[in-house]
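As annotated by TrEMBL, domain 'Cytochrome b/b6 N-terminal region profile' applies to B:10-236. The annotation transmembrane segment is assigned in TrEMBL to B:43-62, B:106-127, B:139-159, B:205-229, B:250-276, B:328-349, B:369-388, B:408-425.
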Amino acid sequence: MSDDKNLPVVKDDGEHHGAVEVAEPIPDPGLEPHEPRITDIDPKAADRVERQVSAMFGLATLLVLGACVAYFAIGRDSILQFGPLSGNANNMVMGLCIGLALFLIGAGAIQWAKKLMVDEEISEDRHAAHSSPEQIAEITEAFKQGTAESGFGRRKMIRNSLIGALGVLGLPAIIFLRDLGPLPGRSLYNTIWAKGIRVVNDVTDRPIKPSDLIVGQLVNAAPANLAPLQEENPTEYQNAKAKAAVIVVRIKPSEIRTKPGRENWGIDGILCYSKICTHVGCPISLYEQTTHHVLCPCHQSTFDLSDSAKVVFGPAARPLPQLPLALDSEGYLVAQSGFTEPVGPSFWERG
Amino acid sequence: MSNTQEFPPPVKWVDDRLGIAKIGKKNLRKVFPDHWSFMLGEIALYSFIILILTGTFLTFWFKPSMAEVQYNGSYSLLKGLHMSEAYASTLDITFDVRGGLLVRQIHHWAAVLFIAAMMVHLLRMFFTGAFRKPRELNWLIGFGMLFLGIIEGFIGYGLPDDLLSGTGLRITNGMIQASPIVGTYMNFFIFGGEFPGDEFVSRFFIVHVLLIPGIILGLVTAHLFLVVYHKHTQYAGPGRTQKNVVGYPLFPVYTAKAGGFFFVVFGITALMGALMQINPVWLYGPYNPAEVTAGSQPDWYMGWLEGAVRIFPGFESHFWGITLGWNLLIPALIIPPAFVTLVALYPFIEGWISGDKREHHLLDRPRDVPTRTGVGVGFITFYALLWIGGGNDLIATHFGVSLNHVTWFLRFAVILGPILAFWVARRWAISLQRADYARLTHGLETGVIVRSPEGKYTEKHQPISTYEAYSLTARDRVVPHEIGPETDDNGVRAPRRALNKARAALSRFYFADAVQKPTAQELEEAHEHAHDADEIHELTEDTETYREVTSDRS
């Protein structure tokens, strides 16, 4: 099929298909006659507009100066109050002055253009975007000459070796970026939780005893070895926290459905789960006591803490990893071990 | 006029070095057509300039560092807290640098406006067919700017290292991590190790203030150059043809109007910065990977992506020791790129379907290409529903409905809604075309009811002006292209038959139902008929509303 055939067919009263251009049903009457504006006819009106425009520009000048005065005159912390609304006075006065000044400069210029400048529309011819045949011939000739003079087409060895050299230039551009970061290795599989690490309240850093928790209570917690990291290495602290945050919850033991193999992971209905959502890693924080559901505020994945934190709604696909708990010699909650699976969002090599 | 006219001395100095008369000759009085919808791109351009100006101001105080410091500035509620230097310096800009909060708010408002203006500008291009030959490349350039603008906005939003933006980055990190094979590696390279690490603010900063703005600046230049080279499109009308451009000259009218409009846009963003709070990072607190706020929302342009991720059900596959999280792969890594690719390639898709190889400088009215309009409305609906999905929790809490119901509703609505919207918009456009047809052939309904001596009630119609009639008919007669015979005269099967069949089917789908403008003959007949009936149409006896009767056009 040639391209011509694919062109939309110009219809001739719906009878013949072909390239016959139908006369437009209505011939082009040409540009509408220019309607004079009031400012074109009445010099008084034109003068009025001139006064308007210069008033806008004049007011703008005053406002700009006002903004400069406000910068020095209004204290950093003074407050403006309008009923229930309030705002920083320095910020607002400067912004109002500058904003209005800019607006008036713009409005004045537009008013000037619309009311006083000649408003008769003019027409300009268009030209096709493509080059003329002469230009095409000329450039083709010049290009051919250049190619011939360089011998680029004939001397294939030069050409190919150049392409090769330029091609490998891409390699360092990629390789040199290697040190952007370490390789993931096993770091996503581990947290700083380990056997015997105490579970501490994440605000007070106090270790938790079972008796501290009443049924229905949920506590945000962290491993006891997290807080000391903050002084040592703030970055490590943040990274460790991003994986190790947990929630400790106490549920009536009769309401808990324990997964086989996890029978000794809780202490009298006290269970500990990763706080990091298995969807994209937001910290989960909304707990509904009556249903034992926690909801992730980012994408609303909902997990049932009484049923091994399985997903009951939302985009998450996996339950929250559970941390096996035990009691140490002083009766505080400790981890039996680290997490048995990687916490947080899924990744390819996770398995 | 003498040939020896010379520039006055200072201009001459410049001209001697730059030859400005040669450059200016063509462009000083360059004609631009006038229409409100042509201002949308201007808003985008001006907000970009505002972003550069205000952004430069902010860099004087912002410290792109994640080193931990103790805050000792004047905001008492956070005093003594540990935080990154980035967050602390953002607080300093807000509370201790005079005008800092104002400029920061103008910067954020301008960013929001920048992306919104580009998007609405893109929709204007789409619905009026401005992307057709020869402007397909400019469509791509514009699309590239929109794409980069969104990334730029999101990265800038992440720089203050506050709790809200940190949560956004945590989510982004989780999405990247879901990519097959390279996910964890990409994350470790982007963030310099595990999340959050201490690298991303300084890295994002240089991307935000140099790399992306530099590329956008280059694209803006190319975009504007092409607008000048192609000359602006115009709506069809009397005296406005494919071969000319009618409007006002750049100097002085557009110098004043467009230049003034820059000040108007700047003024309005400054007023917004003064009066409307945006991104109050001091209320969110420094980033803490173990905390999050309920009702967390990204900036508006990320909402659709957020919504896609929220409403997708939790599917994940585990096999051969690997994990594929479809709950992120599909809504975050497949659908959005597919959607934007479709948008980017649309001019080429429509060009292939229509087979149209001509240049187009006259804009379509959306009703005149009903299928394209329907497709556009379908796309908008899809986007909007995902966007609503990004706020499903807020909808649930504000309207007191179940979050689960909202989510389930959206899961179906994102598929059915666009189809329904497509169909409604397309039929609507066709009805508007019919109304135009009737206006041309029968004239204007005057609402004047006349009783004839025999007792008949009729409504008077008035013919429309030649100018209006011409405007309504100044458009192409587009008919679907034919597939041609199965075999040629020698019995040889035409090549690529299946592809061409599909193309012809699409072409029919696009153009077959559109109402064509009347031919000269049809118009004449209609007018004669109107004349016979004294421009009056009969009323049926049992009808009570006169208006309805007049819509009965045959």
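These residue numbers are counts, starting from 1, taken along the chain as shown.
Keep in mind that glycine also has a Cβ here, set from the backbone N, Cα and C atoms.
Between the transmembrane segment (B:205-229) and the transmembrane segment (B:106-127), the number of CB pairs under 8 angstroms, six or more residues apart, is fewer than three, so the stretches are not in contact.
Of the ranges B:250-276, B:328-349, B:369-388, the one with the most Cβ pairs under 8 Å to the transmembrane segment (B:408-425) is B:369-388.
Sequence-distant contacts of the transmembrane segment (B:369-388) (same chain, six or more residues past either end, CB-CB distance under 8 Å): 123, 126-127, 129, 300, 303-305, 307-308, 311, 339, 343, 350, 395, 410, 413-414, 417-427, 429-430, 433, 478, 509-511, 513-514. Averaged over the domain 'Cytochrome b/b6 N-terminal region profile' (B:10-236), the predicted model has a pLDDT of 95.
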